[in-house]
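Asks: Copied straight from Swiss-Prot:
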type	residues	note
ACT_SITE	C128	active site, nucleophile
BINDING	C55, C58, C104, C107	Zn(2+) binding site
DOMAIN	16-139	domain 'MsrB'
Amino acid sequence: MSHDSDDKTFPYQKDDAELRRRLTPMQYEVTQHAATERAFTGEYTDTEDAGIYKCVVCSTPLFESGAKFHSGCGWPSYFKPLNGEVIDEKIDYSHGMVRVEVRCNHCGAHLGHVFEDGPRDKTGLRYCINSAALNFESRPENE
């Protein structure tokens, strides 16, 4: 699934040649062609450090470490984004399923999917995000 067929225009317009130079092949395939990294292989699956997870394409802050939880699914999971403005959601009919795709609302990079099986005492949502779509910026707990 390529985002080229999507009608939505995002504020950050990325140059494909520049992205191919700057991103790893996995980062490029995940963010630009909605690929999925293999479960339990991502850099941030088990990260517990305090900080902010940002879009690997445009550096938009997306998730705080305080919203991260261990879901056991094999990908970093969060019960909410940093705020309601940073995420774009789109129905995804690929692979014979109906899911909700999660994209960066600034550049349109594919991040992962959101499911309704997250912590019930929080939002009930599980944002299942590819590590390859993220960069982590460590921050002290008290910031």
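Cβ coordinates are placed from backbone N, Cα and C, and glycine is handled just like the others.
Keep in mind that this is a model prediction, so the values were computed, not measured.
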Asks: Calculate the distance in Å between the alpha carbons (Cα) of C104 (Zn(2+) binding site) and C128 (active site, nucleophile), and round it to a whole number.
Replies: 13
Asks: Which of C55, C58, C104, C107, C128 (the recorded positions) has the most other Cβ atoms within 10 Å?
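Replies: The largest 10 Å Cβ neighbour count belongs to C104.
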Asks: Mind tallying the domain 'MsrB' (16-139) by DSSP state, helix then strand then coil?
Replies: 25 helix, 40 strand, 59 coil
Asks: Tell me the Cα distance separating C55 (Zn(2+) binding site) from the residue listed as 'active site, nucleophile', rounded to the nearest angstrom.
Replies: 14
Asks: So what's the average pLDDT for the domain 'MsrB' (16-139)?
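Replies: So the average pLDDT across the domain 'MsrB' (16-139) works out to 96.
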Asks: For the recorded Zn(2+) site formed by C55, C58, C104, C107, which further same-chain residues have Cβ atoms within 8 Å of the site's Cβ center?
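Replies: Close Cβ neighbours, site residues excluded: F10, Y12, T31, V56, V57, S59, T60, N105, H106, G108, A109.
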